[in-house]
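Among the features that TrEMBL reports, transmembrane segment is placed at 50-69, 81-99, 120-141, 147-168, 175-192, 204-228, 240-257, 269-291.
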């Protein structure tokens, strides 16, 4: 960094001597370079690193915990109660973050929970979409394994990109459209099955559920981003709080409709285990982590987290579930990782 500064000033006709004098006694060791980084920048990189590692770990373990929570191939617990607890925990974490902010900064117009009907009325739509998507997330594992789920989950990039174009009127670059084609090819390649009469490992219902989940996730994500950007100064924890409140309400309705008798007869926590508890904690922290990425990091973090999570899920599934790591899966995962990277890089060229 210092050498580049000297060279630039020399090319501009400036004097080099002053910069050389400034370098005396400092040296060029890595320790000196790090010590010259402002504390604020060090804290920023540290926070970004923590968020990246956390998101990668949470994403890769999410599908594994869902599959692991099954007993004899089925869920003994109520998935609607599990979803309700996820939303409740996320709401509690948002409140805890707000309490910390109120203690250090005080209550302001942008971080107070009180709001208007016009601001809060928009949250039920993404909350309802996330409810359906999260419920499908449990049932899709009847047709797909954990590594395959991580591959197919990337289809939401396509739905998000198309909906960005339609709803937010954002133009997609040629590289991004090419990335979509690669993504479809990668997902299909990873699902090829040479040891069966079926060409693809995932059956038609599994593909349909994956596409529906991608559409729901894409629309909910784009809609939520539009809400957040409508008032950028609003604290993200306040916005999350209202989103999770409606999520709790819709999940409570889902419990009444789908599992009311089972909950009344067997109890709210019937069938829960340590793995179920870890799964709920994972889902809650994943939701918070995505919000933290949007605030403290950038989209490239999600890109690398998604790519690494696919491979981690596959490797862990080999030991836990006897997953057969085929050449088709490895090539497909590689193509998907490349397409995800190109999609992110294409944003810089719009």
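Just so it is clear, glycine is given a Cβ too, placed from its N, Cα and C backbone atoms.
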Chain residues in Cβ proximity to the transmembrane segment (120-141) (below 8 Å; excluding those fewer than six residues from its ends, i.e. six or more beyond): 63, 66-67, 70, 75, 79-80, 83, 86, 149, 206, 209-210, 212-213, 216-217, 219-220, 223-224, 227, 242-247, 249-251, 254, 283
Intrachain neighbours beyond the transmembrane segment (147-168), with Cβ under 8 angstroms and 6 or more residues off its ends: 59-60, 63, 140-141, 176, 179-180, 183-184, 186-187, 190-191, 201-202, 206-207, 210-211, 213-215, 217-219, 221-223, 225-226, 306, 309-310, 313-314, 317, 323, 325, 329, 332-333, 336, 339-340, 343
